[in-house]
Amino acid sequence: MAFRIPFAQDFWNEYLSGRENTIPTLPVVTDITERVIRVLGGNAGPMRLQGTNTYLVGTGRSRILVDTGQGMPSWIRDIAKVLEERDIDISYVLLTHWHGDHTGGVPDLIAYNPALSSRIYKNRPDAGQKDILDGQVFRVEGATLRAVHTPGHAADHMCFLFEEENALFTGDNVLGHGYSVVEDLGQYMNSMVQMANLNLPLGYPAHGAVIDDLPDKMREYIKHREFRVQQVYAILEESRAAGQGRGRGGLTLHEIILAMYGEITDEVEKALAPFLSQVLWKLAEDRKVGFEPGSAAKRRWYVRSRRPN
């Protein structure tokens, strides 16, 4: 199992705030197509872009709701208004994963309509929820969603293939803008390949605008992650060749970050550490690097000796 380094929320809030001015403004409620209504979660911010996208899917009176936002009071007001003005109901509530900005609206939703308490679905369900299995199908008039287990951003992460539109609800694996945070890089890369193999042109992300060319966006994501893996491996190879560090020429995570980015603040380093830690664990799982025992801060990583042919 990969060691998890705590995520530095404060730094990312500062780091990502610069891109807030570059992302498009999205209306609170948008009829994206005749089958998809997007309702923003009311939780806009540098980590969540324009806020969490929640989607009402279908064409009849009964709809599927994908995600529930963070639990902001504005979201339940907005979603209730849409339901009441259009005389529609929710048959299934599908949660892409456990993170609070996707599940936080569940209590308000149940308070609004207690009947929904038996209609909440999530992989690895919490108490009172129902499980989502890989390949499970949810149907309402005008919409057929098939669950696709795609761990990496989170272990329980689910995407949903929308058959009628040849589209994919991508959750947090692929965003409308920028890159997502990864919990397990090895699983994430496998999931990205799995998603790419679906060959779906359109993506409905959990954050950001609709993705009009999903295959191109996923190629960009995969290329970015692979570049970081190659970059870290090259640094460790250079360390061994130069005889830096000790023993096998290994480097600590701090030394790897220093080699990649130069002198940076502690906050920047804390923010970079989780993803780069995942890169190292992926390389270890691929048996390309090893590590010496020790605490996370003192652990030294090194290139494994290649066996002769």
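Glycine too: its Cβ is placed from the backbone N, Cα and C atoms.
The annotation Zn(2+) 1 binding site is assigned in Swiss-Prot to His97, His99. Residues or ranges marked as Zn(2+) 2 binding site in Swiss-Prot (evidence: similarity to another entry): Asp101, His102. Per Swiss-Prot, active site, proton donor/acceptor is recorded for Asp101.
DSSP assigns His99 (Zn(2+) 1 binding site) to coil in the three-state reduction, outside any helix or strand. Taking the binding-site residues His99, His102 in turn, the residue surrounded by the fewest other Cβ atoms inside 10 Å of its Cβ turns out to be His99.
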